[in-house]
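Over in TrEMBL, the protein carries these features:
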type	residues	note
DOMAIN	6-117	domain 'Tetrahydrofolate dehydrogenase/cyclohydrolase catalytic'
DOMAIN	136-281	domain 'Tetrahydrofolate dehydrogenase/cyclohydrolase NAD(P)-binding'
BINDING	G162, R163, S164, I228	NADP(+) binding site
Amino acid sequence: MTAHLIDGKAFAAGVRARVAERAQALGVTPGLAVVLVGEDPASQVYVGSKEREARAAGFHSVVHRLPATTSQAELLALIQALNGDPAIHGILVQLPLPAGLDEDAVILAIDPAKDVDGFHPVNVGRLALGQPAPVPCTPRGCLMLLKDHLGDLSGREALVIGRSAIVGKPMAMLLLGANATVTIAHSRTKDLPAVCRRADIVVAAVGRPHFVKADWLKPGAVVIDVGINRLDPAPGEAKGRLVGDVDFEAARRVASAITPVPGGVGPMTIACLLDNTLEACLAARA
Ligand SMILES: Nc1nc(=O)c2c([nH]1)NC[C@@H]1CN(c3ccc(C(=O)N[C@@H](CCC(=O)O)C(=O)O)cc3)C=[N+]21
């Protein structure tokens, strides 16, 4: 079997086009503020893409680039200002923050109505309760791809590998909300290969290159690879290759469908950020 490639890049372009269309019809310009503290090169690339794609969708897009020496008080003051700015409907503070800054306190300071990452405890609670709330962008993008490919997820065995607050936990909540039977595996899980072989759906979000092996997969499983791992450059290469958390070349011979890296989940994350910002703008108007 050779797996169908789930084209997240194309799907994300469609999501962005619909967002741009709805934004145009709105009569209010959705505003997104991204806050980047420090000079992490990967974060700079992601923030650049968010800014560019927000502009392309017709949004008011501002990026606050702050030095790594920014104090907690300065960062909190910026968030308060953005909370009070009527032109801004969505606030995203790029994570991880440099050492010395308290991420939990920063997330707590964001107005939950402007929390387009869905990381504020109020929004995490709403998701757990099944109440409407902004949903974290990466798991939301994964669920869109799964529903588009499989249709109804009811009763399917879904395995989420990884229990982070950003991906693993909200992914499990979304799958549960879609009536899948959900298992969350992590570093203490016993016999992960055996647990994995039961799954119809595998979402890999561990942050280790090629962690999930082909012989862990049930033949025909649908595999969503959330990993974005930059390998060391091979001789003669300027930049290392980007790979996921799944041993892609081997897994595509066992799975029925799989997301590539790049071009899978990553573009969906940004598309969902724009959609969450549009939704926040709509809610602010109502
Ligand atoms: N508050 C916060 N919210 C985030 O959503 C957030 C964050 N912090 N910190 C970092 C991670 C990472 N992230 C990605 C977004 C897009 C791609 C993406 O578009 N990737 C492309 C390739 C990009 C490349 O070539 O480097 C792809 O997979 O095809 C990847 C990763 C959002 N994050």
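A Cβ is built for glycine as well, from the same backbone N, Cα and C atoms used for every other residue.
Summarised by DSSP class, the composition of the domain 'Tetrahydrofolate dehydrogenase/cyclohydrolase catalytic' (6-117) is 57 helix, 19 strand, 36 coil.
Taking G162, R163, S164, I228 as the candidate binding-site residues, the subset whose CB lies under 6 angstroms from any atom of ligand 1 consists of I228. Looking just at the domain 'Tetrahydrofolate dehydrogenase/cyclohydrolase catalytic' (6-117), the mean pLDDT is 97. Here the domain 'Tetrahydrofolate dehydrogenase/cyclohydrolase NAD(P)-binding' (136-281) is broken down by DSSP into helix, strand and coil counts: 53 helix, 26 strand, 67 coil. In sequence order, A205 are the residues near S164 (NADP(+) binding site), counting only same-chain partners six or more apart with C-beta under 8 A. Neighbour count (other Cβ atoms within 10 Å of the Cβ, all protein chains): 20 for I228 (NADP(+) binding site). Ranking the binding-site residues G162, R163 by C-beta neighbours within 10 Å puts G162 at the top.
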